[in-house]
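Step one of this worksheet: look at the structure below.
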């Protein structure tokens, strides 16, 4: 959520920066009118309350002097009714303003490239060389099916499309990856491990920005108004909702493993086969709470921590700086890390690393004090995938496949695979 005071005082600047996102600014236009009405109502209400206070004093004086106070009492009642009417109008306007503020996306940082869509994203760096196979690379779903380590067909029978059974060495590979990632981030990158709930309430989804705008993308438990987590970012960020931290508490670094659930409402016909776009998938998530002045340095460090996973797995990748039109609702700046997928001869997203500045903290009420009695300030929050595990499995199956259909186990994973070097 943006700072309402900043929006009011810098309306044209905010409007211009949001135009770079390609956003519909209808809600922003409504803000100006409603905010003006709100301030007028507050002024009128304060004036009437002062009038009521004077009437109260007058009534007391009249009663002390044994004079007729009925006209003054009647006047005070009428003023009270006017105040009640204005208070109701004010409440209605403030509710509308809150919904508008919740629907306005974050402001892009000045370093974010201006552009319309993914075609305007800028490559920041590239690592590793794509494998040069002497045979035609198979897509990962064929590699996995031939090895009988992933079952897409039976998952479709049991649940439906975009679900999967891992089995045998496929399940072992998935488990090896999340243990490897959790160990790396906890032991080498200094994160505290978390295993969060997979179900969250509406306030949590609102705090991180999934609601109200993207409710159709979420899996909802209708009877309880609960939601399946789309990412561990939601429960872990809300771990400190409505809290005031001390300066010594920052930075806070949490790494969480969880299943993630997405409806993929806007993805009909895209990636209908394989592990790239599933309704349920496992992910390791990195969440940071930092002082505002540190957040952009932390974004670079966070992105490097996610990259380290791919480097140790020896998977070629590139880092893309997202343009304003492909930034997402909550991020002020975002990097996507994309891994090489040989069968598609392209890079595909495997991690997003974002700085939200105080956008989530303002929605979730997460603040800190620099001094014991100091004025609370909003923290800056950041998160990144470290990594999406299903997509990492896909990348390993494709980049490490051999002509005979077997798959080499990346060296760094072998201790997690009982020393196994080959799948097949």
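Placed from the backbone N, Cα and C atoms, the Cβ positions cover glycine too.
Record features, source Swiss-Prot:
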BINDING   231, 232, 233, 285, 385  L-serine binding site
BINDING   262, 263, 264, 349, 350, 351, 352  ATP binding site
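Swiss-Prot feature annotations superimposed on the structure.
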residue	record	contacts (Cβ under 8 Å, 6+ apart)
231	L-serine binding site	258, 260, 283, 285, 383, 385
233	L-serine binding site	208, 285, 287, 383
263	ATP binding site	216, 217, 218, 219, 279
264	ATP binding site	162, 217, 277, 279
349	ATP binding site	336, 337, 338, 391
350	ATP binding site	310, 317, 337, 338, 339, 385, 387, 388, 391, 392, 395
351	ATP binding site	306, 336, 337, 384, 385, 386, 387, 388
352	ATP binding site	328, 334, 335, 336, 337, 384, 385
- Item | L-serine site, defined by 231, 232, 233, 285, 385: further same-chain residues with Cβ within 8 Å of the Cβ centre | 234, 236, 256, 258, 260, 283, 284, 286, 287, 383
- Query: What is the interatomic distance between the Cα atoms of residue 232 (L-serine binding site) and residue 262 (ATP binding site), given in whole Å?
  - Reply: 12
- Query: Across the listed ATP-binding residues, 262, 263, 264, 349, 350, 351, 352, what is the farthest Cα to Cα distance, given in whole Å?
  - Reply: 19
- Message: How many Å separate the two farthest-apart Cα atoms among the L-serine-binding residues 231, 232, 233, 285, 385?
- Response: 9
- Task: Have a look at the binding-site residues (232, 262, 285, 385) and report the one with the fewest Cβ neighbours inside 10 Å.
- Result: 262
